[in-house]
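Report on one structure; see the data block that follows.
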Amino acid sequence: MRDTCAGVTGQGTAAEARAVPASRGNLLLLHAVLLCSGFAGLGYQMAWTRMLSVSLGHEYIAMLAVLAAFFVGLALGGLCLNRRLRETPHPGRWYIGLELLIGLWALALVVLLPALNTAIPQWIDTDPGPLRHWGIAFGISLMALLPATAAMGATLPGVERLALARTPGHQAMPGLYAANTAGAMLGTLLATFFLLPWLGLEHTLLLFAAVNFAVAAAVLPHARRAAPAAPAQRQTASDPVGTDAPGILPLLFLTGLLGIGFEVLVVRVLAQVLEGTVYSFAAVLTVYLLGTALGAALYQRRLDRAGEGDDWARLATTLLFATASCCLLGSAVLWLTDTIYRGIFDLLGPGDLTGLVAELAVAASVFLLPTVCMGALFSHLAQRGKQVHGLGLVLGINTLGGALAPLLFGVLALPLLGAKLALLALCAAYLLLPLAGLARAARWPLAVPGVLALLAILFAPLPLRFVPTQDGSQVLAYREGVVAAVAVIEEPDGNRHLAVNNHFIMGGTASRFSDHRQTHLPLLWHGEARSVLYLGLGTGITLQASKYHPQLAVTGVELVPEMLSLMPLFDVDVKGADWRQPPRLLAADARRFVTADSGSYDVIIAEVFHPSRDGAGSLYTVEHFRAVRERLANDGLFCQWLPLFQLELDTLQLITRSFLEVFPDAQMHLAHFSLGQPLLCLLGRRGDNRFQDDWLLERVHDRTLQAQLVQLHLNSDFALFGGYLGGARALRAFAGEGPLNTDDNPRVTYSAPSFVYGTPAAPAARLLQLNAALAPLRGSLLPERESQSDFDARLRAYWRARDAFLAAGVGIRPSADVAAMLQQVREPLLEVVRMSPDFLPAYEPLLQMARSLAASNPRAALDLLQDLEQANPEAPWARRLQQQILAR
């Protein structure tokens, strides 16, 4: 092999020869330096992406633009500084300068990015076209990050050049690349699991900047002592190395494209298996980086033992075929990942640690072997390519390919072909890569197993999707969109529900009663709403209820575009004639829309956002609540629905504290009295509380709306205000003192996932615990001037009866046997009826049981009706039913 360092190609002195073993000891320092640099670099990427998503949005096109900008910045650094780093006699000084630039620009971005975030939404606007959205997101991200990302892209070439100068004759690039990638892996783990949750974004960025400065300081003594290094010798086309692989740059570009493309496709498939939390992606990325680092380290070991040898092209084709085969194997394992994931939980039991182990295991089963091959393949290509073109150019070309992958595979191939065909096309491309300059050296028989496996998977009648169905249920629609996989499932009883990435059930026809109440309650609490904004639409059933409110302008925003097209499957036809004003629906990120919009709304309804889902935490921050408040008209009202059945109480306290920071007079209400799926509303308003007696009588005059309210049991002021749990005083006592959920420290994002990995208490238990905490300071719902009225006294009695009703429901065993059910609930419900004549949810079940008993046991029915009449003599229905039974 021909040496690439001019310092060892000439006549070496005896002193220089003796210095070689000692100088190789410097490699340990250089590996440690790149480990730390990679740690900070990946940490920066995660932090900056989260900071920019606040203004750019969580739409896939925006996330793609940020990722592409980061990759392009890295590529530009390698490409633009390639020649300078090859020729400089002081590579150590250059490297120190690069690390200082990264650290200093990171400090500047701590100030610049929040300032940019206030302006970007207005530049993008509320409903931009895809090209405009992508262009602004990419351009701003590229320019904002470029000084740091370009410097990052040149750090590995800088250190590799320094290593050649300090350890003449030793080829260390694969090992240095492995150390840098291993550092990125550690950055993923430590940033996600410790630094960001504990320190927040700003302080984590300060820590990473300190790492850059420390790395620069560690290299400084060596840079000072080092003699000027001779320029790296450039191989020409007539050299053996130059003629060995004429197609190496296309290979580097295509392997970068396919390597990141494989990650993009597999991550989308695994989103249907893993929990979709911030820790899920961290686990997948950790394994991806670990495999890449292992592959590079193994190649370095081979290089140290045997050198490059004369069979470079043959080894290249072998690695290409191995990568293709392992990608096919990983693709096949995808069908087993759900079994692996559930099996680990069955073996170890629920918990945060089990969740981490399970997600790492699933990621390793798919990614580990392919990425080991990818790491070795890149090292093999880069080791030869750098001798001809320079490592900066090699890295730049490879990174440009990676920058294109999310667009090609995530936006185009996945929706058009589906996950299975897209993965097979990618594996086929790996099998064909030897044609790019290596055809004569290719060991084509090695491709046979891969081709056979590809054909077997292609013709196997197994779609690569995970949709849980019961016996008799069927999938009516399935969409693999750029954001998520969405399915509509019909159960044997005819009810339909919407599933997103397998784990998130976004409502359905069975919950129409609850969904419609989620619209009617806030609109009725306002009383005179003329405009409403929905943040999140899901099935569209909640929005559907708004059509019954006359003269109401409706706007709805949904992040997942495929959901808008599936609404008709839930009998939601936004273009139907029964809409007096057709709603305006947009596929957009709710957070970005609220910030970019300039309009105002009487009512804003934030649908249920699954708190554990990565990205949802930004919709519970102080900054988002402030942006929502700015969109409220005078006397406007904001309703944030919260799924208590998906929330631990400590997370609810955190959200409540953050809400009170913006809406100091907030209230909390129940949507209904379900113990299985309790739904809470944090209610904030821009104006004074004006609730009073005869609220509905004075405001609801439309006959169609009145009929709907009767069906939903919202046809009285007691039903309308009966879910009130507490006002600001009670909420402050419940939430207590503590930190807030902010953009800088999105605590909900990192705390909520414990719910899905663990075994939380039953929703009913959490509801009763919450109610017990709020009840002592509940106070009156009415303004002070109304707080001593007869209506207020009756409302308080209603709430006491409701509390007893909820407590009585715990432990009830449902039964089709009316007598058995009556034995369980008779006395508890009669006691509730005695507490409030207005509380009909306890009265009506007993009346219905009496009606059911009348045919088989009229005596028992009459006894029950007599007790019911005595408990609530004001209600006429028990007396009327007694008369009907006696008249038979």
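Quick reminder: no glycine exception, Cβ is built from N, Cα and C everywhere.
What TrEMBL lists as transmembrane segment is 60-82 (among others). Residues 45, 48-49, 52-53, 94, 130, 133-134, 137-138, 141-142, 145-146, 148-154, 157-158, 389-397, 399-400, 402-404, 406-407, 410-411, 482-483, 589, 592 of the same chain, all 6+ positions outside the transmembrane segment (60-82), place their C-beta atoms under 8 angstroms from a C-beta of that stretch.
Listed by sequence, the residues of this chain that lie at least six past the ends of the transmembrane segment (94-116) yet keep a Cβ under 8 A from its Cβ atoms are 37, 40-41, 44, 48, 51-52, 55, 81, 84-85, 88, 140, 144-145, 147-148, 151-152, 154-155, 158-159, 161-162, 202, 205-206, 208-213, 215-216, 219-220, 223, 743. Positions annotated as transmembrane segment by TrEMBL: 94-116 (among others).
The feature transmembrane segment is assigned by TrEMBL to 136-156 (among others).
Per TrEMBL, transmembrane segment is recorded for 177-199 (among others).
TrEMBL lists 205-227 (among others) with the feature transmembrane segment.
Per TrEMBL, transmembrane segment is recorded for 248-271 (among others). Same-chain residues lying 6+ beyond the ends of the transmembrane segment (248-271) with a Cβ under 8 Å from its Cβ atoms: 280-281, 284, 288, 316, 323, 327, 330-331, 334, 337, 362-363, 366-367, 370-371, 374, 377-378, 381-382, 384-385, 388-389, 393-394, 397-402, 404-406, 408-410, 413-414, 419, 422-423, 426, 429-430, 433, 436-438, 464, 480, 484-485, 501.
Positions annotated as transmembrane segment by TrEMBL: 277-300 (among others).
Annotated transmembrane segment per TrEMBL: 312-336 (among others), in sequence order.
The annotation transmembrane segment is assigned in TrEMBL to 356-378 (among others).
Sequence-distant contacts of the transmembrane segment (390-415) (same chain, six or more residues past either end, CB-CB distance under 8 Å): 60-61, 64, 67-68, 71-72, 74-83, 85-86, 153-154, 156-157, 160-161, 173, 232, 234, 249, 252-261, 263-265, 268, 378, 381-382, 422, 425-426, 480-482. Marked as transmembrane segment by TrEMBL: 390-415 (among others).
Look at TrEMBL and you will find 421-439 (among others) tagged as transmembrane segment.
The transmembrane segment annotation in TrEMBL covers 446-464 (among others).
The transmembrane segment (356-378) shares the most Cβ pairs under 8 Å with 277-300, out of the stretches 136-156, 177-199, 277-300. Beyond the transmembrane segment (136-156), the same-chain residues lying 6 or more positions past its ends with a Cβ under 8 Å from any Cβ of the stretch are 34, 37, 41, 44, 48, 52, 56, 61-62, 65-66, 68-70, 72-81, 85, 94-95, 98-99, 101-102, 105-106, 109, 112-113, 116, 120, 123-124, 128, 176-177, 180, 391-392, 395-396, 399.
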